């Protein structure tokens with residue numbers, strides 16, 4: 001399994017297009033919109049938006065694995081892997097790990113931008129906590145990406161993933177804070193994984209532990225998406 | 001355990017369509033076997049069941065006494081599938097190294113590259129290969145782990161003559177090491193040239209099983225046809241050199257393995273058979289003869 005992970009990592013490094021793609025938009029949006037002062041709850045807007053955009057980029061990164069999976073399924077590469085000693089579980093695990101790794105570059109990029117342009121100050125411990133939590137917290141999105149990749153043909157996976165990203169980001173309060181959302185939308189937002197994912201980061205910025213309810217919501221979505229991924233994988237495997 | 005592959009009454013249905021219709025098969029270790037049949041005969045379905053990619057609807061498949069998936073996981077099987085793609089943006093060498101790393105006792109990289117005639121292409125990216133080169137990479141990926149059983153599904157489809165020869169030369173080098181090789185093809189020549197044993201599959205069944213020479217004899221027959229004028233088919237079947245008789249409208253079609261003797265007998269018969277025709281039976285024709293269901297023409 002290690003060999004397969006190394007093989008995949010090398011491909012990732014060789015073609016950093018996806019990683020760059022996950023960085024550009026969040027950094028751009030952050031640079032445009034973080035000028036205003038004030039606070040959201042107990043966090044300054046500069047820090048709040050830094051986390052929002054990092055979470056948005058992480059979402060794009062984690063979901064993007066589905067597009068690759070869908071191509072590799074269509075062209076037969078995943079089938080070829082199935083007739084090696086590598087087990088399907090190992091393949092899926094490596095893919096999920098890669099997906100979650102793609103969540104890290106945007107967190108770093110937006111963090112650096114925030115530090116330079118807005119003078120955001122985080123302690124070393126906060127940076128580590130932020131990166132670590134955003135990495136772990138991206139798991140449900142990695143699972144969702146895999147579920148889409150195994151279920152949909154390549155030409156559909158990309159638009160559906162993008163729709164998912166924007167829907168989750170918008171409704172989850174990454175573009176517009178939940179605090180200023182209409183009541184009905186805000187009520188939905190707190191049940192979404194994207195909101196609870198960003199909440200991990202906002203908690204770090206506010207220097208307190210993330211609420212247990214948030215972690216429970218994230219865990220529930222992880223189980224749901226993980227189950228969907230397993231189901232769609234089994235169906236895909238049965239088809240070819 | 002001297003048996004590499006065993007199929008007992010294996011069948012596979014796709015909805016109402018029966019793709020494989022009860023195949024019994026035993027392949028001893030060390031044999032090079034060709035699975036010969038026309039398109040849609042059930043070769044790929046059989047191979048996919050053999051590799052654990054498909055579950056049979058009925059019957060059992062054993063590979064080295066184990067389930068197909070068990071044998072694959074244990075690294076005892078290498079396979080080259082039809083038209084399987086690669087991960088983009090990796091190189092030939094990386095792919096070969098990946099395959100080596102997945103098996104316990106792989107062949108040395110240089111040997112794999114040499115066997116598959118890829119030495120000069122090791123650094124080439126997989127998406128920058130020609131059709132023939134890609135096919136050799138599939139072969140390299142399949143044999144890298146030094147598997148006890150190598151399965152190849154139509155390995156030379158879409159190859160030009162030169163690549164085809166290079167491929168078979170590579171295959172021969174591998175088979176010479178005493179490994180079991182099973183390959184599917186719809187070329188009788190290939191089956192005859194490279195296999196110790198040829199199993200003919202048509203309409204999901206084994207219709208012939210023997211050495212290349214034996215199968216060639218079956219396939220190399222001729223069809224003699226004429227207006228039957230109400231002749232008794234049983235009597236026609238009794239003529240020398242006749243394997244099978246079919247009546248189609250006014251015509252009697254005789255499948256013959258010795259058409260010269262048949263024609264001589266017909267002429268000597270004195271009934272003045274009209275519109276006599278003799279045509280060489282191609283492989284397709286031979287398959288049809290072998291699989292013709294009596295009374296269902």
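One-based numbering along the chain as shown.
Cβ coordinates come from backbone N, Cα and C, glycine included.
Source: prediction; values computed, not measured.
According to TrEMBL, the domain 'ABC-2 type transporter transmembrane' annotation covers A:44-231.
Per TrEMBL, the feature transmembrane segment maps to A:18-36 (among others).
Per TrEMBL, the feature transmembrane segment maps to A:48-70 (among others).
Per TrEMBL, the feature transmembrane segment maps to A:91-116 (among others).
Residues 51, 54-55, 58-59, 61-70, 73, 92, 95-96, 99-101, 103-104, 107-108, 111, 122, 157, 160-161, 164, 168, 193, 196-197, 200-201, 204-205, 210, 218, 221-222, 224-226, 228-229, 231-233, 235-236 of the same chain, all 6+ positions outside the transmembrane segment (A:128-151), place their C-beta atoms under 8 angstroms from a C-beta of that stretch. Taken from TrEMBL, the feature transmembrane segment applies to A:128-151 (among others).
Sequence annotations record features per position, and here TrEMBL assigns transmembrane segment to A:163-192 (among others).
TrEMBL lists A:212-233 (among others) with the feature transmembrane segment.
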Spatial neighbours of the transmembrane segment (A:48-70) far in sequence, C-beta under 8 Å, 6+ residues away: 18-19, 21-23, 25-27, 29-30, 33-34, 39-41, 78, 95-96, 98-100, 102-107, 109-111, 113-114, 118, 120, 130, 134, 137-139, 141-142, 144-150, 152-154, 157-158, 161, 164-165, 168-169, 173-175, 177, 194, 197-198, 201-202, 204-205
Highest-contact recorded stretch vs the transmembrane segment (A:163-192), from A:18-36, A:91-116, A:212-233, CB pairs under 8 Å: A:212-233
Folded-back contacts onto the transmembrane segment (A:91-116), same chain, C-beta under 8 angstroms, at least six residues removed: 1, 4-5, 8-9, 12, 18-19, 22-23, 26-27, 30-31, 34, 46-47, 49-50, 53-54, 56-65, 68-69, 78, 81-82, 122, 127, 130-131, 134-136, 138-139, 141-143, 145-146, 229, 233
